[in-house]
Amino acid sequence: MDGCQSPSSIFLIKTFIGSNIVALGSGTPYMYSYYAPQLLSRCNISIKYSSNIALALNIGSSLLGTFAGVLVDINPRIATLVGSISTFLAYTILYICYKNAISSILLIFLALVLVGYGAISGLYSGMKVCTTNFPNHRGISGACPVSLYGLSGLLFSLICRNIFKGDIQAVFLFLLIACSLMTFIGVFTLDVFDYNYIKDLESKYVLTDTISSQPELAATLSNSAEDEGSFLKHHMSDFTESFNDHAAHHYRTESKSRHSTKIARFSGELTRNSRVGSPECIVNEIADGVHSLLNKSPGPSVSSVNELFSNNNHLKNNLVVNFKEIVKNDQNIWDCVKSSKFLLYYVIIAILQGIGQTYIYSIGFIVQAQVNSMSSDNSNNNKPVDTATIQATQVAIVSISSFVGRLSSGFFSDVLKKRLNSQRIWTTFTASTFTIIGSIIIIRVDPTKHSLANVYKSSIIFGYAFGAMFGSFPSIIADSFGTKNFSKIWGVCTTGCLITIKWYTAILAQNLSNYTQPNESTCKAGVKCYEYTFYVIRLNAFLSCILILFIIGNTYHKAKIN
């Protein structure tokens, strides 16, 4: 494009690889369940404080995530530098507390806040870079760092289990070095390409899809099927320039200055039309741009295109819808937050993120409850069970299934939007459905039969559901509100889980306490230790399904009217 140079392959490869390394090093909040029981035991902290301590991770990643988002939108390199320092300080504190058996809830709370903030700074930086630099593959490119973030728990738990065995002190020392260095790599690799170029590229992709999906228009513009691709390739930038110029004039969302001679000849009467914004005006102006181009290019006659634009209502509607899709993006934060769509997204994310993270943070206690119930059963002649190994295995299972969920949902969300002309949020509906199934499976066992089989099954399901939500929702947000303020908006979106995680973990802590004998430190009642918690979770997941179906139906209804 005139006045704007496209990013080099080296630039894109560097930023993509850097984003994924940073995300992989940032996912250690999912290691919490690996070391939490041992940390609390070593520091002599009662299990009743477990929900408050787990909340610290979410204060860092959700409440402070909004601040991280602001910093990422300013400069992702600065954000990763701050994240690297936070991670280093966090694991240094945990290392010192564990080594010296310091019984300080405040210190551990502070350390976990820093773990959460350092992690989310790295993740948001990677997401911002990938969703912005690769606008035509936003679902899968954005899902890659998110997927590796979820896989991080598996990688580090396997390393720690095989190298350090049960030495949690060595685990903290390893994490403070490895995670800090991996996040620090972003200081040298992360960057976002020229914003104006990205916006033009987004418009180009939308218009290309629109014109290519109209056989009559594409054939008319090309004069023959063989020339269609060539015509679009050579002249789509001119369509895009006119499209964006009209958007900038009417909506004032960007203060871009366009001086290209192509715009002068292509835009024509765009800024002088008194009916700016009406569907007829939009179509007429785009048609005028096509005519201007045709007058200067070998191809079909202006009259043949006139006939298409005047008689094809389906074509008109598609152009209007796609025009609105482009110009609605990049609203300011307040316009986004006060919209009904944002509020619905906020509630859905709060529910599903809260459920997923509660399961991840609490799986260690769930395993302990089942293992302890097995050892306390006099009729059970099973051999002693290695609780630490089972905890590490659960972390690995959740990480793998979360990775698969994030990556597959990103891919399928692209397929839904680009190939099937459907809505990305169907992937989130699938995640909600899986959450309901998982909450049924984990408690669907005879309480007198103490088994870990259902825990393994539910870890797969909850991990996949949590990953599927996180793999597709960032691209849903980017499509709905744009990429310019993406990190800020996503940061605000994820603050809702502070309430839900606190609520779910408090219910679980109370559930565990209710079935813990006065002279015992752990619950030995098996499924009863967490049965009510997952009943509440199931109801909340069902509510998210209803909200998602409402969004899908409302969006479909509006599109049909348009």
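Note: Cβ is positioned from N, Cα and C throughout, glycine not excepted.
Copied from TrEMBL, the annotated features are:
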- 16-194: domain 'Nodulin-like' (DOMAIN)
- 12-32: transmembrane segment (TRANSMEM)
- 53-72: transmembrane segment (TRANSMEM)
- 78-98: transmembrane segment (TRANSMEM)
- 105-127: transmembrane segment (TRANSMEM)
- 139-159: transmembrane segment (TRANSMEM)
- 171-190: transmembrane segment (TRANSMEM)
- 343-367: transmembrane segment (TRANSMEM)
- 425-443: transmembrane segment (TRANSMEM)
- 455-477: transmembrane segment (TRANSMEM)
- 489-512: transmembrane segment (TRANSMEM)
- 532-552: transmembrane segment (TRANSMEM)
Any contact, the transmembrane segment (455-477) to the transmembrane segment (532-552), with at least 3 Cβ pairs under 8 A: no
Among 78-98, 105-127, 171-190, 532-552, stretch most in contact with the transmembrane segment (343-367) (C-beta, under 8 angstroms): 532-552
Best-contacting stretch, by C-beta pairs under 8 Å, relative to the transmembrane segment (53-72) and drawn from 12-32, 78-98, 105-127, 171-190: 105-127
Contact set, same chain, for the transmembrane segment (105-127): CB under 8 Å, 6 or more residues outside the stretch: 18-20, 22-23, 25-29, 32, 39, 43, 45, 49, 52-54, 56-62, 64-65, 68-69, 71-72, 76-77, 79-80, 82-91, 93-94, 97, 142, 145-146, 149, 179, 183, 186, 190, 474, 486-487, 490-491
Interface-richest range of 12-32, 78-98, 171-190, 532-552 toward the transmembrane segment (489-512), CB pairs under 8 Å: 532-552
Contact check, the transmembrane segment (12-32) vs the transmembrane segment (171-190), 3+ Cβ pairs under 8 Å, seq sep 6+: yes
Long-range environment of the transmembrane segment (78-98) - Cβ separation under 8 angstroms, sequence gap at least 6: 22, 26, 28, 39, 42-43, 60, 68, 71-72, 104, 107-108, 110-115, 117-122, 124-125, 168-169, 172-173, 175-176, 179-181, 183-187, 190
Chain residues outside the transmembrane segment (171-190) and at least six past its termini with a C-beta under 8 angstroms from it: 14-15, 17-19, 21-22, 24-26, 28, 31, 34-35, 76-77, 79-81, 83-85, 87-88, 90-92, 94-95, 98, 118, 121-122, 125-126, 129, 156, 159-160, 163-164
Non-local residues, at least 6 beyond the ends, that sit with Cβ under 8 Å of the transmembrane segment (532-552): 341, 344, 347-348, 351-352, 354-355, 358, 423, 425-426, 428-429, 432-433, 435-436, 439-440, 442-443, 500, 504, 507-508, 511
